[in-house]
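Per TrEMBL, these features apply:
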| type | residues | note |
| --- | --- | --- |
| BINDING | LYS78, GLN99, LYS102, GLY153, SER374 | substrate binding site |
| ACT_SITE | LYS114 | active site, proton donor |
| SITE | ASP154 | site 'Important for catalysis' |
| BINDING | THR197, ASN229 | NAD(+) binding site |
Amino acid sequence: MSNLAPEPEFEQAYNELVSTLENSSLFEQKPEYRTALKVVSIPERIIQFRVVWEDDKLQTQVNRGYRVQFNSALGPYKGGLRLHPSVNLSILKFLGFEQIFKNALTGLNIGGGKGGADFDPKGKSDNEIRKFCVSFMRELSKHIGADTDVPAGDIGVSGREIGWMFGTYKAETRKWEGILTGKGGTWGGSLIRPEATGYGLVYYVNHMIEYAGQGSFKGKTVAISGSGNVAQYAALKAIELGATVVSLSDSKGSLIATADSPITPEDVNAIAALKVKRQALTDYQGKHKYIDGARPWTHVKVDVALPCATQNEVSKEEAEALVNSGARFIAEGSNMGCTQEAIEVFEANRREKKDAAIWYAPGKAANAGGVAVSGLEMAQNSQRLSWTSEEVDEKLKGIMEAAFKNGLETAKKYVKGGEGEFPSLVAGSNIAGFVKVAAAMHDQGDWW
């Protein structure tokens, strides 16, 4: 029995990767890579610290802050900062572990990491959130740098919080450098960065649809969970490409529309304004049905499902419901959005039904657009220049296409059993990301 504390989220992410690698021919072709798996599964460094701040009643408050610097074989640690009461070491290790391979799939020189704190921004004043961010960055600034570790935003950390943290870093170090991504456009941020994860998700799925001979997003019905940044921009891009979006959700329930009266860009913009005020979907006075305490998957009949909220938001039963309703494509805008049991449902259906099956794409590939544009922001900061929206968007499209093709071809090469015309994207993406990181670690002497 292990003497380590249970880490269920990290263990789930680790076991998913191990299962994929063991069920491929990778270790037969490269048996030495088993050693690389042992090495890459342990973070290079974990930093934990206290964050002491003062609320508006002048009472001292304290939270736990973290930074998991997981792997730097391909470049500086890169991954978001999450402010949420659920944050713990297991969740950050799972996110950081996934980030290693997601970042590898972008083709950019960025390593993997994750961080944050168990601070809850909900119910806090702007002044309290600012004070927390300042205190948090005073400690984190000792451990990051433009060529060391470049965090970004995540749940609870928008451009506003990034600004407060950047200002604190500058005050503490007397350096203006690209140590955070997701910055404001007038002081080092990249155009298309707020949109990148949602846009990239849609670009990736469009390649899935085209490869399967099902046309494009035009005419497709799409269910989306979540109502934050990723969900909003995925919805807007899908609508722009001619799709009909019939759901959004939050932690309290789901907003369900119909094909005759779908979610519109005006709806998305109104919901985005609510999110800025940290209000729930129940405060939206739209014409759509709100189902309390439910996720959308069993309440819709769609062609495409895009989980964009949080981890494990599609269960085995919900996966079966999507398959039975005739859904053809599911791709994660969230990290580890589907449970392992749900993934097994999708993969079994793909093997059985071939070109009539549902086709699943994991978050480490499908939602890599956000970190890809973060990497592009780092490049712009290093050169002290800014690219146009069109330039960034074209680079994003190219990165998502390359990630799709890489996963596809890697699955054909390594996955056992003759996966036929529709290879496993989850297997291909896992193996492709792992192989790239393992090769870089080997060349640097991290294992052999």
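The backbone N, Cα and C atoms fix where each Cβ goes, and this holds for glycine too.
Location within the structure of each feature annotated in TrEMBL.
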residue : record                    : Cβ contacts under 8 Å, 6 or more apart
LYS78   : substrate binding site    : GLN99, ASN103, ILE110, GLY111, GLY112, GLY113, ASP149, VAL150, PRO151, ALA152, VAL371, SER374, GLY375, MET378
LYS102  : substrate binding site    : GLY112, GLY363, LYS364, ALA365, ASN367, ALA368, VAL371, GLY433
LYS114  : active site, proton donor : ARG67, VAL68, PHE70, GLY79, GLY80, ARG82, LEU92, LYS93, LEU95, GLY96, GLN99, ASP154
GLY153  : substrate binding site    : GLY80, LEU81, GLY159, GLU161, ILE162, GLY182
THR197  : NAD(+) binding site       : ASN229, VAL230, TYR233, ALA234, GLY333, ASN367, GLY369, GLY370
Count the other Cβ atoms sitting within 10 Å of the Cβ of SER374 (substrate binding site), across every protein chain shown.
29
Write out, in the order they occur in the sequence, the residues of the chain not among LYS78, GLN99, LYS102, GLY153, SER374 that have a C-beta within 8 Å of the mean position of the C-beta atoms of the recorded substrate site.
GLY79, GLY80, ASN103, ILE110, GLY112, ALA152, THR181, GLY370, VAL371
CB neighbours of GLN99 (substrate binding site) within 10 A?
27
Taking the residues LYS78, GLN99, LYS102, GLY153, SER374, which the record names as binding substrate, find the longest CA to CA distance and state it in Å to the nearest whole number.
16
